[in-house]
Amino acid sequence: MLASASRERPGYTAGVAAPDLLDPKSAAQNSKPRLSFSAKPTVLASRVESDSAINVMKWKTVSTIFLVVVLYLIIGATVFKALEQPQEISQRTTIVIQKQNFIAQHACVNSTELDELIQQIVTAINAGIIPLGNNSNQVSHWDLGSSFFFAGTVITTIGFGNISPRTEGGKIFCIIYALLGIPLFGFLLAGVGDQLGTIFGKGIAKVEDTFIKWNVSQTKIRIISTIIFILFGCVLFVALPAVIFKHIEGWSALDAIYFVVITLTTIGFGDYVAGGSDIEYLDFYKPVVWFWILVGLAYFAAVLSMIGDWLRVISKKTKEEVGEFRAHAAEWTANVTAEFKETRRRLSVEIYDKFQRATSVKRKLSAELAGNHNQELTPCRRTLSVNHLTSEREVLPPLLKAESIYLNGLTPHCAAEDIAVIENMK
């Protein structure tokens, strides 16, 4: 069966192991699909499987990431609660005591009137009006410069929240304006990010050329150039603007850095907003701040894109290593299977040949003994005849040892006397 199976397989050659699927010479003679002709083997897969493996994240991975994010949120909530809740309780207690002291000192004002005044103040603050001083100290939040800055926060999706449309017409226009402006700003941000990436890329290339002259490894060069790129961007778009805001807005260094990071990451809490106080040249100051936001966002987008490229490269290398391992495992399995099949085929052929030889010897012995049954048989020949007749339905196992043939039922002494008979019949 094995021999027939080997003849049915096209291109099968007895005694030859499976062709090396990674060897170009042997692969050139084999028309069947192979792993690869390159030095780095890859695993064959259909286009659908490869696309799904590349573009679709597995549910197990999604679930793991989801659990990590939830755990991260729980940790953040715990830390923020521990840091901020005592301050909130202190502020609530302080305002209650101040209200009681104010009512005690001003008997003409009752608690209801005071609450109404406080509610109006809260409403004014929510509308972007700070009820301090007189009208001469008030700054409009809807002049041309402030409106330009607000429109910029809409399309950049920062949304500080210090001011917002209060009229129905303003809300409707803001919806339409955001839906059209956000994609437009996305194209602009991508273009500016590409230009910044090109500029920084040229600078990084010069730095790498300098380090190459010093015989530094490529990995160290890449790490050093990346660190220089990030540090230069942080100085240009974070540290320097923070110093400017600290000087112009009168904030502390921590508040200035806090505003810069919260703004450029498009979080935009709105607790700190540039241009919120009475500043000279305010109409020009806010548009300049918006252009800084544009370039800073482009820089952060370039950094995030670079990090994404790193992750893709790492993922690609990991997949290549796994694919190479699988290819070698498949090659090893194929070779072992081929060798096992070849060994089994050879054993089958040898056993079959020996069986045929034993059958032929048995037939010749039967014919010889049948022709000489009237002759006088020696005790050894009589033993051979009896054993042959009783074992006619069994296979006569040939035993080859020291180039001498011993038949079942013969002692070495008898075999020595009749060995010539067997040799003549072979």
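Glycine is treated like the rest: Cβ placed from N, Cα and C.
Here is what Swiss-Prot records for this protein:
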{"type": "TOPO_DOM", "residues": "1-61", "note": "topological domain 'Cytoplasmic'"}
{"type": "TRANSMEM", "residues": "62-82", "note": "transmembrane segment"}
{"type": "CARBOHYD", "residues": "N110", "note": "N-linked glycosylation site"}
{"type": "CARBOHYD", "residues": "N134", "note": "N-linked glycosylation site"}
{"type": "TRANSMEM", "residues": "172-192", "note": "transmembrane segment"}
{"type": "TOPO_DOM", "residues": "193-222", "note": "topological domain 'Cytoplasmic'"}
{"type": "TRANSMEM", "residues": "223-243", "note": "transmembrane segment"}
{"type": "REGION", "residues": "266-271", "note": "region 'Selectivity filter 2'"}
{"type": "TRANSMEM", "residues": "288-308", "note": "transmembrane segment"}
{"type": "TOPO_DOM", "residues": "309-426", "note": "topological domain 'Cytoplasmic'"}
{"type": "MOD_RES", "residues": "S348", "note": "phosphoserine"}
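Remote same-chain residues near the region 'Selectivity filter 2' (266-271) are listed as 153, 156-162, 297 (criterion: CB distance under 8 Å, separation of at least six residues from the stretch ends).
Distance between Cα atoms for N110 (N-linked glycosylation site) and S348 (phosphoserine): 111 Å, as a whole number. Same-chain neighbours of the transmembrane segment (288-308): 148-149, 152, 156, 158, 188-190, 192-193, 195-197, 200, 226, 229-230, 233, 236-238, 241, 260, 263-266, 274-275, counting only residues six or more beyond its ends whose CB sits under 8 Å from a CB of the stretch. The secondary structure of S348 (phosphoserine), as reduced to three states from DSSP, is helical.
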